[in-house]
Amino acid sequence: MILASASGLGRQYTGDPIFTDLAFEIRAGERIGLVGPNGAGKTTLMRLLAGLDQPDMGRLSIRPGVRVSLLRQQPDFEPSKTLFEVARSGLASLLELQTELEEAAREMAEAEDNADRERASRRFADLQDRIEHQDAYAIEHRVEEVIAGLGFKPSEYHRPAGTFSGGQQSRLMLARLLLESPDLMLLDEPTNHLDVATVSWLEAYLSRQPTGMVIVSHDRYFLDATVTKIWELFQGRVDAYPGNYTQYWKLRAERAKVLERKAEKQAEQAAHLQKFIDKFSAGTRATQAKDKAKKLERVMSESIELMRDISGPPMGFEEVQRSGDIVIEAKDLSKSYEKQLFSRLNLQVLRGQCVGIMGPNGAGKSTLIKTLIGRVKPDEGEVKIGHKVTIGYYDQGLESLPADTTVLKAVWPDDDPTWLMQDVRDLLGRFGLSGDLALQPVGKLSGGEKGKAALARLAATGANLLVMDEPTNHLDIWSCDALERSIRAFEGTVLVVSHDRYFLNQVADRLIVVDGGRARVIEGDYEVYRRMVEQEAEASAAKERARADRAGAPRPSSAGGQPKAKKKKKYPYRKATDIEREIAEVEAEMGELERVLGLPETWKDADRARECQERYDELAESITALYEHWEEALEYNA
């Protein structure tokens with residue numbers, strides 16, 4: 001079934017065409033990855049599909065009844081509503097079905113004659129089928145599955161949505177969209193605020209969904225795991241490729257070679273025909289020459305368009321002063337903020353290395369790099385910066401670029417008389433910010449343009465230790481590729497925090513994984529770490545199976561006969577009724593904490609809010625154990 005189609009589709013911006021003649025179809029169940037350089041019109045096309053903008057030319061048709069939803073970049077929910085309520089609102093259509101079912105049940109009960117009762121009964125049965133088909137009876141469980149998968153804790157479920165950070169609110173918007181489960185889901189950079197574990201969960205979740213999707217992402221691993229087709233949007237045209245991102249890249253390269261060979265063959269054939277024509281056009285073979293001229297016209301009438309070359313800006317970092325061999329040395333490094341972030345970390349970063357840092361959101365990655373470069377003081381241990389080390393820093397929030405300053409001024413190295421205006425313009429051009437863009441206020445730039453400006457500023461420092469916090473977040477795939485090449489060619493040292501697994505594979509010599517209050521050093525890239533985690537999980541599972549086998553193995557009796565049946569143990573601690581009373585008390589306290597955490601004024605007192613959250617987490621763990629004990633007590637005392 002075709003969900004959406006377009007022909008001759010065009011859209012302009014201030015009179016300049018973004019694209020003018022797009023044609024495509026989106027079928028039910030297709031998962032399409034939309035790729036293209038910044039400025040190609042990806043977001044514009046997504047807004048057209050969502051009905052937020054109208055085309056300037058051509059036709060865009062959405063099949064009647066098809067529900068289309070776009071992942072919005074700015075929150076549009078009531079700040080006072082809880083996280084759970086906002087996420088649950090994605091299931092509004094199912095909630096309406098449940099309301100209709102209740103109405104149909106009342107109509108059946110109140111029907112005055114058989115005809116009315118039969119009509120209400122048919123409506124009730126139809127609604128019940130629809131509810132069962134959409135699994136509407138498990139609404140609460142579905143909401144919990146999605147918000148937990150996106151990294152929210154149970155203690156946060158009843159917290160006002162407006163009290164979360166911008167990144168957390170973006171995750172909440174994604175949760176609501178996933179629960180909405182429209183016929184056509186439009187996801188614009190859904191992984192930007194997710195850590196590696198959450199991205200992996202999202203990949204698995206999306207791959208199970210039957211809905212159609214169009215996904216814009218710079219995360220090449222994510223595209224490989226989720227999409228079944230790639231659309232390349234460039235120079236006003238969409239080219240479709242079957243398969244995921246890796247398959248697209250191979251097919252694109254193969255198609256480019258075929259077109260190049262075809263063009264070369266055409267040129268050779270034309271040259272051969274032209275040579276014959278030039279030689280014999282006036283002689284005895286003039287008639288043959290005329291035939292060759294006609295053939296030459298036919299050959300040249302076939303227009304062979306070579307593959308359009310898409311490339312990111314060259315980027316590149318300056319030549320830098322050579323530092324000492326040991327760039328950073330950390331001994332017994334520990335740091336806590338309300339909880340332990342890392343403890344007793346020992347690390348040497350050597351000149352020329354690129355060290356990648358990864359881990360869950362809130363684990364302490366940014367704190368670690370700031371501690372390693374002396375911006376944050378450790379609780380314990382010490383950090384030594386090496387001889388002749390100069391530090392340049394790229395912050396995730398791009399706060400080093402004042403919004404009201406021109407790009408030219410924002411990037412110009414501070415108080416450096418050796419830099420001329422043309423030098424700065426050349427540098428900006430290298431990072432894809434040429435012409436009038438250099439004179440624009442930073443606040444008017446797109447996210448990708450701001451990211452490139454921040455990288456240009458980093459390059460302008462001439463630092464031999466580059467520290468980057470999520471540098472790929474705002475870049476397109478081709479700019480990510482250019483940054484990877486620039487880092488590999490850089491003669492200095494790099495510390496980089498990233499959740500982009502493909503990027504880490506391309507640049508990292510070593511990894512520091514920050515998780516669970518520790519920082520673990522891995523000698524290798526993300527693939528090395530992934531295989532290590534898999535092997536550890538397999539070893540742990542094997543050990544658990546062996547332990548279970550030993551525990552369950554029957555012991556031979558002293559008489560050499562059949563082993564005695566294991567005597568059923570009585571639960572030695574509590575009666576089931578006692579545990580039931582404790583469960584009721586814990587649930588009552590949890591209910592009160594949920595009420596308190598749902599009050600906006602609670603979050604005005606950070607200490608009180610934290611205490612309530614911590615207490616709720618403790619109770620959530622204890623209630624699970626209590627239910628297990630209660631089940632054991634019922635079984636053993638039966």
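FYI, residue positions are counted from 1 along the chain as it appears here.
Cβ coordinates are placed from backbone N, Cα and C, and glycine is handled just like the others.
What TrEMBL records for 4-260 (among others) is domain 'ABC transporter'.
Among the features that TrEMBL reports, coiled coil is placed at 94-121. The predicted model assigns the coiled coil (94-121) a mean pLDDT of 73.
Here TrEMBL flags 315-541 (among others) as domain 'ABC transporter'.
Annotation comment: TrEMBL describes 540-573 as region 'Disordered'.
As annotated by TrEMBL, compositional bias 'Basic and acidic residues' applies to 541-552. The list of residues near the compositional bias 'Basic and acidic residues' (541-552) in space but at least 6 beyond its ends in sequence, with Cβ under 8 angstroms from a Cβ of it, is empty.
The feature compositional bias 'Basic residues' is assigned by TrEMBL to 564-573.
Under DSSP, the residues of the compositional bias 'Basic and acidic residues' (541-552) split into helix, strand and coil as follows: 12 helix, 0 strand, 0 coil.
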